[in-house]
């Protein structure tokens, strides 16, 4: 059983989220990029007979998850804004920004995972993964790690230059 590398999804989430502060709600985008991996975490913890990358790792299940996340993040937008502000990020978020972040975050996660995992069927109910290309794993992991470093660098540069990376 291959352990999912959930933390690597944080790299692209941070980089894209910081660069697109004017159009994406950053807390939602980060949560959306990571929440999909609750599924393999649950499978590993419980030991149930279910694929590590099951329904939530499909565009059908991911879409349902993005809608649910969008509803939750709109409801708790005030709390997520306070968390962002604690990191020096002030955003004027909208429902549209939360929606865009929910879907883009989940779909980015799926597109990063699809080449890596043979048990993933992103086009469910079609039982195939045309994106599976295990030879890309080193490249994908490296790009995710580089995105994290670059995202941190841009965040710190904005924080030092502007005081707060505001949207």
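The backbone N, Cα and C atoms fix where each Cβ goes, glycine too.
According to TrEMBL, the feature transmembrane segment maps to 12-35, 55-76, 97-118, 138-157.
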Remote residues contacting the transmembrane segment (55-76) - C-beta distance under 8 A, at least 6 residues beyond either end: 25, 27-28, 31-32, 35-36, 38-39, 95, 98-99, 101-103, 105-107, 109-110, 113, 117, 120-125
Same-chain residues near the transmembrane segment (97-118), Cβ under 8 Å, at least 6 residues beyond its ends: 2, 4, 8-9, 12-13, 16-17, 23-26, 28-37, 52-53, 57-59, 62-63, 65-67, 69-70, 73-74, 77, 91, 129, 131-134, 136-137, 140, 144
